[in-house]
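Participant: As listed in TrEMBL for this protein:
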TRANSMEM  29-49  transmembrane segment
TRANSMEM  56-75  transmembrane segment
TRANSMEM  87-106  transmembrane segment
TRANSMEM  127-147  transmembrane segment
TRANSMEM  153-175  transmembrane segment
TRANSMEM  209-229  transmembrane segment
TRANSMEM  249-266  transmembrane segment
TRANSMEM  278-297  transmembrane segment
Amino acid sequence: STLQLWLTFAPVADKTAAYFHISLEMVNWLSIVYLLISIPFGLVATWVLDSVGLRCAVILSAWLNMTGSIIRMFSVLKFLSLGSQSYWYLFVGQCLCALAQPLIIFSPTKLAALWFPDHQRATANMIASMSNPLGILIANVLSPVLVPEGRHIPLMLVVYAVPAVTACALATLGIHEKVPPTPPSASATNSTSQPFLTGLKMLLRNKPYIILAVCFGGGIGMFTCFSALLEQILCEKGYSNEFAGLNGALFTVCGLLGAFLLGLYVDRTRKFIESTKICFCLSALASIVFAVVSSRLH
């Protein structure tokens, strides 16, 4: 749900700009704000997961997500007569949803460590993490279908609010324990994690970790850029919103398939380093091909 709300407007950026009488740059800020907020709040989310617990983090995320999705709907309520102020309701709603994103994105690793034995953790982490690109997939396919014309944007906001409200109800009423009654492994029973600030200092002094973080950050940056701006890149070349959304969906489907197969592979072979290097090389090659092909499109 969080990732759906992030990219709600990206596949229909042109129609959103026309409906709210704003520029494409302002539409892009509805996606960029997620990235800006994630940087400082990511540290807060890490502290919440380590200190407060997984249950509270998930419930807090669900409430932020639901509140943001409801505030976004205020922007299209005619009886409020917001005029030029309607955009800021969208923006505030996106900001609240952006606060929820790090809590959800960082949860799969904690979930796998607390609730699954060692030999199942990579697979469990992979399956939980796949929900994030799945949300991007749904947004890329659903937004162009829901908004063939700008006047359908209110319907789109309502449709995207439904899973956010549902997820909030499920999280609030359905999650009762922050740890399983019986620890699945010895490592889950005896945590060796450092206090938050101590662990952060240790990571910043760890050269292999810094290299991995920079490489992974670059990969996330490319993925985010393609996801948020693909519609504007392709529509400028004469393609439709539906075609751009289909390409974004295909981009995500291939990632889901690769993540599923790779998760199973590394669980059995434990070849994490080799797999990571191969994936980064393939990503770099694919980015070069995309840049060459897109530059030749007319």
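Cβ coordinates come from backbone N, Cα and C, glycine included.
Those TrEMBL annotations? Automatic predictions, nothing curated.
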Participant: Against which stretches of its own chain does the transmembrane segment (56-75) lie, if we need a Cβ under 8 Å and a gap of at least six residues from its ends?
Facilitator: 1-2, 5, 8, 20, 45, 48-49, 82, 86-87, 89-90, 92-101, 103-104, 106-107, 110, 154, 157-158, 160-161, 164-165, 167-168, 170-172, 175, 178
Participant: The transmembrane segment (87-106): which same-chain residues, six or more beyond its ends, come within Cβ distance under 8 Å?
Facilitator: 2-3, 5-6, 20, 22, 26, 29-30, 33-34, 36-38, 41-42, 44-46, 48-49, 57-58, 60-62, 64-65, 67-75, 132, 164
Participant: Going along the chain, which residues at least six beyond the ends of the transmembrane segment (153-175) come within the CB cut-off of under 8 Å?
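Facilitator: The answer is 1, 4-5, 8, 12, 15-16, 19, 55, 58-59, 61-63, 65-66, 68-70, 72-73, 75-76, 97, 142-143, 146-147.
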Participant: State, in range form, which of 29-49, 209-229, 249-266 has the highest count of Cβ pairs under 8 Å to the transmembrane segment (278-297).
Facilitator: 209-229
Participant: What parts of the chain pack near the transmembrane segment (209-229), using Cβ distances under 8 Å and only residues at least 6 beyond its ends?
Facilitator: 7, 10, 28, 31-32, 35, 136, 140, 203, 248, 251-252, 255, 276, 280, 283, 287, 290
